[in-house]
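K.L.:
Next up is a structure, given as structure tokens.
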Amino acid sequence: MPCRTLTYSSEADWQGIRDMLCGRENPENSVEPVVREIMDAIRSDGDAALAGYTRRFDCPDFDPSSLRVAPDAIEKAAREIPRHDLQIITEAADNIRHFHSAQKEEAWFITRPDGTVLGQMTRPVDSAGLYVPGGQGGNTPLISSLLMNAVPAQVAGVPRIAVTTPPRKDGTLNPYILAAAHVLGLDEIYCAGSAWAVAALAYGTQTIAPVDFIAGPGNIFVTTAKRMLIGTVGIDMIAGPSEILIIADSQADAAHVAADMLSQAEHDPLASAILVTPSPQLAAAVHTELEKQVTGLDRADIARASLRDWSAIVVTPDLNSAVELSNKVAPEHLELLVQDTWGLLGSIRNAGAIFMGPHSPEPVGDYFAGPNHVLPTMGTARFSSALSVQSFCKKSSIIAASQTFTQTNAAKIARLARLEGLEAHARSVESRLS
């Protein structure tokens, strides 16, 4: 059988499922010393350290003078890739921009009867660094990662956006990444990968100016570097392996369910694909489909490892129990393959993104629909959200107190200050009474 079959009807059942999922946690502590050494080297030696790591791990003959991609190389890549592919990238970017434009927040103000004005101002960060993974040595360009990270930053109004991505063995970048950058109007692109690229974005080098915020997925070294830089720069999130949970009733198409589970399982041996259904018949049919469909995949070994180790088909007493389990898992991707998707939606509390109905498989959102595919994983959808325009913004409160407000409330404010042992605070407000 391609993956285990479980049941869920009690807290004890949940403990078993939770233990299975928790086993996927990356042992970040194991690489911390290595990442710390990399970060220290970048901080002290800048471009020289960056070039050294790039020669060692990516391109043996890397020329430091090619660290930043020349503008004409970006334009050339856009001309070289098939025109049809460029049109697809452009349309995907337009869809993503259209969705994220709805997330923009304007400044707002309220005025009290005494004339006091209170409000909130939203401003973008001054600069953002985007990390785009290499994708099998640059052979599988992660175009969607660039689009999903760059577009919300642009909609937010970030003035400077820098992109880093590891070079191929010959020192070049995949032309599809450069073409996507051209479509987006990005021209600050650097040939650098892994933890040394993240450190360069945070600390700066002779060539790369430091940024205020870093976003983008990566391996355990990238993730560890981002986590260790919290407080130095803002980061998008600490993401774990990809995951999908599908709630399906007896009317769901088993072939569709299996295909959607495999769309996540092929990502990574640590990826998780879970079907939750009240239908034993569907559960059995999906098992059969998984075995049939996995055979034809180029990444079949990866998918099989994911299905075997971290995936499951869970049979529940009813749909309510399926929703209950889903809310406990808090999946990155949640598909609702049930007859009344909108009726079930109101019961969903925890999910990174929700895919509704048979025509909304997860890849539709991953690539093209418009919502962001940078989503919370490992149960963090209980308290966090997808990458968005707000991720690249800061909010400042505005307080313009009237004389009447301050003088009327000075004694109360001073009393609160003195209760906290802060005499200077009390005197500050009392000085406005004279």
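We number each residue from 1, going along the chain as drawn.
In case you wondered, yes, glycine gets a Cβ from its N, Cα and C as well.
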K.L.:
Can you match one of Ser242, Ser385, Ser388 to the substrate site that Swiss-Prot gives for Gln264, His267, His333, Asp366, Glu420, His425?
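P.N.:
When Swiss-Prot describes the substrate site, the candidate it includes is Ser242.
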K.L.:
Please report the distance from the Cα of Gln264 (substrate binding site) to the Cα of Glu332 (active site, proton acceptor), rounded to the nearest angstrom.
P.N.:
11
K.L.:
What's the most sparsely packed of the recorded positions Glu332, Asp366, counting other C-beta atoms within 10 A?
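P.N.:
Among the recorded positions Glu332, Asp366, the sparsest Cβ neighbourhood within 10 Å belongs to Asp366.
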K.L.:
By Cβ count within 10 Å, point out the most packed of the binding-site residues listed: His267, His333, His425.
P.N.:
His333
